[in-house]
Amino acid sequence: MQLIDQYGWLIPLFPCLSALILGIGLLSFRRGTRSLRWASAAISIAFLGFSMMLSFGLFWDQILNNSAHIYIWSWITTEAVSLQIGYIIDPLSSIMLVLVTTVGIAVMIYTDGYMSHDQGYVRFFLYLSLFTASMLGLVLSSNLVQIYAFWELVGMCSYLLVGFWFSRPSAAAACQKAFVTNRVGDFGLLLGILGFYWITGSFDFETITTRFSELLNTNNVNVSFAIVCSLLLFLGPVAKSAQFPLHVWLPDAMEGPTPISALIHAATMVAAGIFLVARLLPIFQNLPIVMDTIAITGVSTALLGATLALAQRDLKRGLAYSTMSQLGYMMLALGLGSYKVGLFHLITHAYSKALLFLGSGSVIHGMEPTVGYNPNKSQDMGYMGGIRKYMPVTGITFLIGTLSLCGIPPFACFWSKDEILANAWEKMPILGWIAWFTAGLTAFYMFRIYFLTFEGDFRGFIAKKDNKNTNKSGPHESSVNMVAPLVALSVPTIFIGFLGAPLVLGETSSLLFSKWLHVPDLHIEASELTWTEFALESLPSVGIAVTGACIAWIIYGPHASRNRNLVEFLDPSKKGILGVILNTIYNWSLRRGYIDELYNKTFISGTRNIANLFFVFDQWVIDGVVNNIGLLSLFGGESTRYGEVGRTTAYLFVLVITTFSLFGFFFILQ
């Protein structure tokens, strides 16, 4: 089976070729893009399908052999530096390949229905193919230079896709915000890469890990400098995976079409940061301060994301903050050294979140004919309610994703999240309790989203007062090519968690996920549990999840929302201590924890003030000097012009006098 490893480079090449074909088609047939829609979708899906088949082949080979294969070619070779290009096939890259290609296929099939009436249909498929190719190339990268190149391509594609509807001012601002915020992390990542090259003299992952460990053991490296370089490396994933304090771009990225929201939040951009931390974890584990920083950043992000999601009215923004929170869980697990558990939650969350985002897109698609095509209404849960009656398949699949994300057994995220909590309680109890409390908040806001959207009475007809071009029959179920991916993603959302179920019989473990996932050296793994031990340790997490769901049912359940108007239902303003608490929570959530306002008043306003200062300096000082020199030349020329009399004898007289004067001056000096 090692023969298939030699063709691993074809996996990112196929979607890259489809993007190239679509780009040539757009340039060659600008007036005929409508007739090329079916062909563009077929090409994109077919080429990514080839990549998916190769990915499954590599995945199966890793299950059987559990060995890494690296293929490297010389790229740039000089006396000072040697750069190589290649790809690595190991359990981490193989499972990420399967994740990216399967979610990517589902998103592309879904896109055919969701974007069917959009003028940028072909362009969107082009961006999707390029985005997928960039992520696949990042996953296969064998060194830091190569991974940085694909890292930047992923950021560029996210900029193009978030700002896909660039005619909307909000979308244009969102893509700029995402791009600029990620520049901060990318700059730190670049400095970290250069720092570790300075320390180890290599960009290769394996070489860096080996040399860095040797240098630490022999005290031949400045530990403080190594810590700074590691934190700079970590700054890249902090921005890309929307970790505090560089998380502010993620909710605004919802301005892009819903299919790209699913791809970004499940398998590409935000997953890239987790993947890079997992790849670099053997380096980070040599530095306990860095590991503690990763864990604290993760749990802080998890709690912050959960609190910000509590009162969101926009369906997609609520799910966006949920992604931010769950990524914090993954960072927490990696910071604790639980390599397998962090990756396990990455996988289970990816399928669950892809299902939820595509389900939200189905809801929005069904709401638009009723409430209008303004996203402020079609995505507002205040105008939803009772949609399960109109869209039963979407409602059932969305409920499956909700149960999984809340950690309700036996759905996928239950197994991974519960192991994260168990490891946190064992290694850093204070972080474990914070993560446990966050699990309760997760169940509350996810069931709040579900109840507001799918249960109770439909409130969308309120929009008729503001929009005359509405459909009085209510929402409708989406087309087959949109519903089919929801059903398909429901399967791994339910069953993939059993790969990590703790089935321990005697001393032989049948924990399938741990059997083949190779753990790099120095990783500290949690001990495996029996069914009884796991069930007992699961009671607190399941209990807090059920409690959060019950509170959401009491406040937002069908009985609470039935026959209540929109303002009364969602307005938290009440008198008394309870009202003050509710108002505080709502303001914290709706105003994004005041973090965006803080950034606007400090960094953004400060940067603009400095820019204005430089503008004034450039306009009045730099340009003033240049312009004044020109004016002096002009005035000088004008003044000497009047001294010209037009006689040659006068000019010769002035020349002779000047020459003798200069000779006399130099003679006196000597």
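Using the three backbone atoms N, Cα and C, a Cβ is placed for every residue, glycine included.
Annotation source Swiss-Prot lists transmembrane segment at 67-87 (among others).
If you look at the transmembrane segment (88-108), the same-chain residues 6 or more away from its ends with a CB under 8 A from one of its CBs are 5, 8, 11, 15, 41, 44-45, 48-49, 51-52, 55-56, 58-59, 61-62, 66-71, 125, 128, 132, 135-136, 139-142, 205, 259-260, 262-263, 266-268, 271, 275, 278-279, 343, 346-347, 350-351, 354, 358, 485, 488-489, 492, 516-518. As annotated by Swiss-Prot, transmembrane segment applies to 88-108 (among others).
The transmembrane segment feature in Swiss-Prot is assigned to 124-144 (among others); the stated evidence is sequence analysis.
The transmembrane segment annotation in Swiss-Prot covers 147-167 (among others).
Under the heading transmembrane segment, Swiss-Prot lists 219-239 (among others).
Residues or ranges marked as transmembrane segment by Swiss-Prot on the basis of sequence analysis: 289-309 (among others). Nonlocal intrachain contacts for the transmembrane segment (289-309), taken as residues 6+ away from its ends with a CB within less than 8 angstroms of a stretch CB, comprise 227, 230-231, 234, 238, 242-244, 247, 277, 318, 321-337, 424, 428, 431, 434-435, 437-438, 441-442, 445, 585, 588-589, 592-593.
The feature transmembrane segment is assigned by Swiss-Prot to 327-347 (among others).
Residues of the same chain lying 6 or more positions beyond the ends of the transmembrane segment (395-415) and with a Cβ under 8 Å from any Cβ of it are 322, 326, 344-345, 348-349, 351-353, 355-356, 359-360, 363, 387-388, 439, 442-443, 446-447, 449-450, 453-454, 486-487, 489-490, 492-498, 500-501, 538, 541-542, 545-546, 548-549. The feature transmembrane segment is assigned by Swiss-Prot to 395-415 (among others).
What Swiss-Prot lists as transmembrane segment is 427-447 (among others), and the listing cites sequence analysis. Long-range contacts of the transmembrane segment (427-447) within the same chain, counting only residues at least 6 positions beyond its ends with a Cβ under 8 Å from a Cβ of the stretch, are 295-296, 299, 302-303, 306-307, 309-310, 312, 318, 321-322, 325-326, 328-329, 332, 336-337, 402, 405-408, 417, 420-421, 540-541, 544-549, 551-553, 556.
According to Swiss-Prot, the transmembrane segment annotation covers 535-555 (among others).
As annotated by Swiss-Prot, transmembrane segment applies to 613-633 (among others), with the evidence given as sequence analysis.
Under the heading transmembrane segment, Swiss-Prot lists 649-669 (among others), citing sequence analysis as support.
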